[in-house]
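Chemist: Have a look at this one before I ask anything.
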Amino acid sequence: MATNYIFVTGGVVSSLGKGIAAASLAAILEARGLNVTIMKLDPYINVDPGTMSPTQHGEVFVTQDGAETDLDLGHYERFIRTKMTKRNNFTTGKIYSEVLRKERRGDYLGATIQVIPHITNEIKDRVIAGAQGHDVVIVEVGGTVGDIESLPFLEALRQLAVQVGREHTLFMHLTLVPYIPTAGEVKTKPTQHSVKELLSIGIQPDVLICRSDRMIPPNERAKIALFCNVAERAVISLKDVNSIYQIPALLKSQGLDDFVCERFRLTCPEADLTEWEQVLYKQANPVGEVTIGMVGKYTELPDAYKSVNEALKHAGLTNRLSVSIKYIDSQDVETKGVEVLKGVDGILVPGGFGYRGVEGKIRTAQYARENKIPYLGICLGMQIALIEYARNVAGLTKANSSEFDKDCEQPVVALITEWQDAEGNTEVRTDESDLGGTMRLGAQQCHLVSGSRARELYGKETIEERHRHRYEVNNTLLPQIEKAGLKVTGLSADKKLVEIIEVPNHPWFVACQFHPEFTSTPRDGHPLFAGFVKAAYENHKKSVK
């Protein structure tokens, strides 16, 4: 069967939820038995989001094969079973870098390099490559139609529609249909102008997803269809909802999946959304609630911890609990003391980079350990837990990470480049080296120690989790820390690197070097998060007695 392409664009304003809409449609099509994948084309000049500020761009989502990608790929994996790869996300910067590399290599035989055809051809080639092996590929274009940055992508998709045939392509455009209280009605003019902008570059949308705070009345949908040259049944109303997991059912109720299948002449069974109905039932009927304190340095933008936020909610679903997240700036712990941590049922310290707020995180780990509060540390959250234990229990009073103090006397955490690879080679880095591409990235094996809490939670000896870090636990100083009682319960594939630590004689204190949040989904909560939230609930019940 030929691959079919759905191109998703957005107009009027940004942040309409193109990624959620694309993922929701993909979930319905997958529920009809189709093999679906989703791609994200980002129009910024950065080669990838790896070195971008989390407070500007949100989290960096790491794929199984180690690509540092846009957070929308996290949404995609949470909605569909297909795992994303480095083929599922690319940027303007990556496209231009590749074209310039080919030009320097002489691939273009001295031709003048231009946006059309060289840049657009590179975009088309990557979209086609990413679509291989799938029945349907949904391609989301970042940004807003009318922005100069996205023009090469839109032109490439216009060309691709001609190349593969319009019978195998569908353009889906998200727009804003605002409600004006003084007029007492929704206004369609912004949508009309957004479609006009698309038409000016040669793209006629086939489906319009109309975002609003309410359902669009039938007469307004008919008006939009008439002025925008779209079938009335293809004007879909997408109102604000309490949970993003309601959106697949909302789109299906308006026949979007039927329209898509008819357009592509696909014969497939009705979508079975039973799993999503179960998710929504659990979400609407919790038996209790917990408050998790998330202590980090990017707390002013919750999207910086998007996958962690979602994983906590998924763990709530697994345990039939409502999870409330209290964001705590780690610098507040330094300046105001541990008082800011009181009233939470569990404490989570997520990943991060840089020295700012680190001492606050270390005090947080100490507070959780000494007060028997359930603690989950992720990546840096594991490293600071190790530093805290080394300082306050193992007697290594000057313990630190070489990330925060290059000259520290007791570097219990050290640069990844100080470790030898399988061939005995050590990578050399200087102050001039690029930050990009210097980390342990992607899915890697981990061996769990028998009898440990981690082994009990996972229910198996070997697991695979995703990494994104430069620093490792220093094996030279580790024996002294273990002698003081800290348990190493997870080791890398070669059993040389620490992956999980646990504090004994504590209700629940687990920290991991990897990022478990990247593999959590609403249908399959992650064992570590599920165990953590359950322990937090047990702590909550004690506190209210």
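Backbone N, Cα and C define each Cβ position, glycine as well.
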Chemist: Which residue of Lys40, Lys223 does Swiss-Prot report at the same UTP site as Ser14, Lys187, Thr188, Lys189, Pro190, Thr191, Gln192?
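Modeler: Answer, per Swiss-Prot (UTP site with Ser14, Lys187, Thr188, Lys189, Pro190, Thr191, Gln192), from Lys40, Lys223: Lys223.
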Chemist: Swiss-Prot has Gly352, Leu380, Gly381, Met382, Gln383, Glu403 binding L-glutamine. Which one of Arg466, Arg468, Arg470 is in the same site?
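Modeler: As annotated by Swiss-Prot, Gly352, Leu380, Gly381, Met382, Gln383, Glu403 share the L-glutamine site with Arg470, chosen from Arg466, Arg468, Arg470.
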Chemist: Name the residue, out of Asp65, Asp70, Asp72, that Swiss-Prot lists for the same ATP site as Ser15, Leu16, Gly17, Lys18, Gly19, Ile20, Lys239, Asp240, Val241, please.
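Modeler: Record source Swiss-Prot; matching candidate: Asp72.
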Chemist: In whole Å, note down how far the CA of Asp72 (ATP binding site) lies from the CA of Cys379 (active site, nucleophile).
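Modeler: Cα-Cα, rounded: 21 Å.
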Chemist: Give the distance between the Cα atoms of Ser15 (ATP binding site) and Glu403 (L-glutamine binding site), rounded to the nearest whole Å.
Modeler: 35
Chemist: Let's check the environment of Gln192 (UTP binding site): how many other CB atoms sit within 10 Å of its CB?
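Modeler: A count of 16.
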Chemist: Measure from the Cα of Lys223 (CTP binding site) to the Cα of every one of the binding-site residues Asp72, Gln192, Gly352, Leu380, Glu403, then give the nearest.
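Modeler: Closest by Cα distance to Lys223 (CTP binding site) among the binding-site residues Asp72, Gln192, Gly352, Leu380, Glu403: Gln192.
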Chemist: On a C-alpha basis, identify the one among Gly352, Leu380, Gln383, Arg470, Glu517 that is nearest to Lys189 (CTP binding site); the candidates are the recorded positions.
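Modeler: Closest recorded candidate to Lys189 (CTP binding site) by Cα: Glu517.
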Chemist: What's the most sparsely packed of the binding-site residues Gly17, Gly19, Pro190, Gly352, Gly381, counting other C-beta atoms within 10 A?
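Modeler: Taking Gly17, Gly19, Pro190, Gly352, Gly381 as the binding-site residues, the minimal 10 Å Cβ count falls on Pro190.
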Chemist: Looking at the recorded positions Gly17, Gly19, Gln192, Glu517, which has the shortest Cα distance to Met382 (L-glutamine binding site)?
Modeler: Glu517
Chemist: By CA distance, which of the recorded positions (Lys187, Leu380, Glu517) lies nearest to Gly19 (ATP binding site)?
Modeler: Glu517
